[in-house]
Amino acid sequence: MAPPGAKNKNPPNSHKPDRGSSSPGFNWNRFQKQYLTVAFVKSLVFDPARLPLVTWIILGAELFLNVFVVQNVNYTEIDWKAYMQECEGFLNGTTNYALLKGDTGPLVYPAGFVWIYSALYFITSQGRNVRLAQYIFVGIYLVQMWLVLRLYSKSRKLPPYVLVLTTFTSYRIHSIYVLRLFNDPVAILFLYLALNAFIDNRWTLGSVFLSLGVSVKMNILLFAPAILLLFITNLGYFKTLIQLTICGAIQLVLGAPFLLTHPWEYLKGSFDLGRIFEHKWTVNYRFLERDIFESKMFHLALLALHVLLLVAFASPCFKYFQNYCRLRHLEMMLAPQISAKNREVAQEKKRKPAPKPKKEEKAENLSKDQEMFLKSFEKGIKKMANKESNGVAPPPPEPEPEEPAQPNKFSIHFDRATQLCLLPIFLANFIGIVCSRSLHYQFYVWYFHSLPYLTWFTEYGTSLKFLLLLLIEFSWNTYPSTGVSSLILHTCHVILLVGIGRKMFRKIPDLAQISGSSSKATD
């Protein structure tokens, strides 16, 4: 026993700092075992659930890559000067579309294009500061990539390595954005803003963005048939009419200076569906003779094929949207109960006695039957999410035996239902591209970011999936296009469409039973 007044060298309450910790709030050993492992690196490559983290890696690398391209690759003038000339005429007071022209011909885009590129006209010193315009398009590219990766992250459809490979290996896409300054990327940016808003149930905001995209370039209308079905299944006919009214009102507001002065010239110039494309620029029909390429009968045949394919796929797409709507409704019903369950888990984790629930809160607690339903439903969600999409199972996390067992947080990743929404929307656009009268090089951005999703929906082997993407990329990078490159592009499109159809026309999992079971579970 120590004499009175002696200092205890090892007081009972003393605590030696953990040698594996560099600071009181940081456990190096735990960090090392959780993140600095082969299993974690593999999960970053193969596990779709890791895409939110990989997204920031992709965006950082893309920022570096695009800046490098801008600084080291020569800019190629194609349409930028003509855009500035067309906008300059409007800024000088001309509202007659028939008189708005540039070096490449008359103005053929709706009013949204005029407003946006007029702003760029001022920002870039009447269009002379091309380098500044390139950096603006770097920003457009990065924002769009974030929006695209956000959709993929929610759906958990693709392993990250697929998106990394397809994103960084496309020379044509980077060229279209930062070396050509076309208006197509601006229109597609608004499209992906709209899709993200729709996924977040912000329907009016989504309609605004969708209409803005159409006001820049009409190709956004290729998505319209699927988005109309999405409106009907989720909102009903009356609210769908409201959204369509919003879209129309935006077109009227943007086009007001032209509609109030020279309406016919505006409608004919900006929404000319019968415009003839030049054969020398076509990517998909180089193997046709010019007479056939410009034939009205050929155009009508493609239009008929387009309508026929949309009608053929309408039924499965409608069912996909219906099931998406059911799952979102189920999410709303179960959210309070899942939150209540997680509050209980948090209390158990703190090892504090859980307070007795009040009478009015008892309904929020999950019964054993409800827990069993939720667990079985989560398995159904995962099954529906097509685990075979990546062909490689994500590696399991390494166990941490030194940590005491903790109660698991209860959750269901309802955002997987995004798959049921994205597929019909991407498919409608893809059908329009397959049946397009002509595809020019800048049109590649219309569907490039949806190609990995569509390809991985099919049941083809991984090698064939990558081969299809590689051949499509080859066709778009062949300049000038040849008969062979055009035929390769069509062949890949047909193979991809057949693969999608074979899977879609199978019996779609009927989620009505799940929805019916949910009502019993939530009673």
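Easy rule for this one: first residue shown is 1, then count along the chain.
Placement of Cβ uses the backbone N, Cα and C atoms for every residue, glycine included.
Look at TrEMBL and you will find 1-23 (among others) tagged as region 'Disordered'.
The compositional bias 'Low complexity' annotation in TrEMBL covers 1-13.
Listed by sequence, the residues of this chain that lie at least six past the ends of the transmembrane segment (51-70) yet keep a Cβ under 8 A from its Cβ atoms are 44, 131, 134-135, 138, 141-142, 145-146, 149-150, 152-153, 156, 158, 160, 163-164, 167-168, 174, 177-179. If you look up TrEMBL, you'll see 51-70 (among others) marked as transmembrane segment.
Per TrEMBL, the feature transmembrane segment maps to 107-123 (among others). Residues 83-84, 86-88, 90-91, 97, 100-101, 132-133, 136, 183, 186, 212, 214-218, 251, 254-255, 257-258, 266, 269-272, 275 of the same chain, all 6+ positions outside the transmembrane segment (107-123), place their C-beta atoms under 8 angstroms from a C-beta of that stretch.
Sequence-remote contacts of a segment are chain residues at least 6 beyond its ends whose Cβ falls under 8 Å from one of its Cβ atoms, and for the transmembrane segment (135-152) they are 48, 51, 55, 58-59, 62-63, 66-67, 70, 120, 123-124, 158, 163, 167, 174, 177-178, 181, 185-186, 188-189, 192-193, 195-196, 199, 418, 422, 449, 453. For 135-152 (among others), the entry in TrEMBL reads transmembrane segment.
Residues annotated as transmembrane segment in TrEMBL: 181-199 (among others). For the transmembrane segment (181-199), the residues of the chain that approach it from at least six positions outside its boundaries are 78-80, 83, 109, 113, 116-117, 130, 133-134, 137, 140-141, 143-144, 147-148, 150-151, 154, 205-210, 212-214, 216-217, 219-220, 223, 227, 230, 415, 418, 421-422, 425, 442-443, 445-446, 449, judged by C-beta separation under 8 angstroms.
Residues annotated as transmembrane segment in TrEMBL: 205-232 (among others). Nonlocal intrachain contacts for the transmembrane segment (205-232), taken as residues 6+ away from its ends with a CB within less than 8 angstroms of a stretch CB, comprise 109-113, 116, 183-184, 186-191, 193-198, 239-240, 243-244, 246-248, 250-251, 254-255, 271, 310, 314, 317-318, 321, 421, 424-425, 427-429, 431-433, 443, 446.
According to TrEMBL, the feature transmembrane segment maps to 241-260 (among others). With a cut-off of 8 Å between Cβ atoms, the residues of this chain six or more beyond the transmembrane segment (241-260) that come close are 95-97, 110-112, 115, 203-204, 207-208, 210-212, 214-215, 231, 235, 266, 270.
Annotated transmembrane segment per TrEMBL: 297-318 (among others), in sequence order. Tertiary proximity for the transmembrane segment (297-318) is limited to same-chain residues at least six positions away from its ends with a CB under 8 Å from its CB atoms, namely 225-226, 229, 233, 288, 423-424, 427-428, 431-432, 434-437, 497, 501, 504-505, 508.
For 343-365 (among others), the entry in TrEMBL reads region 'Disordered'.
The annotation region 'Disordered' is assigned in TrEMBL to 387-408 (among others).
Feature annotation from TrEMBL assigns transmembrane segment to 420-439 (among others). Here the transmembrane segment (420-439) has long-range neighbours at 151, 155, 157, 195, 198-199, 219, 222-227, 229-230, 277, 281-285, 293, 298-299, 302-303, 305-306, 309-310, 313, 317, 320-321, 323-324, 327, 446-447, 450, 453-454, 457, 489, 493-494, 496-497, 500, 504, meaning same-chain residues at least 6 beyond its ends whose C-beta is under 8 angstroms from one of its own.
Sequence annotations record features per position, and here TrEMBL assigns transmembrane segment to 479-500 (among others).
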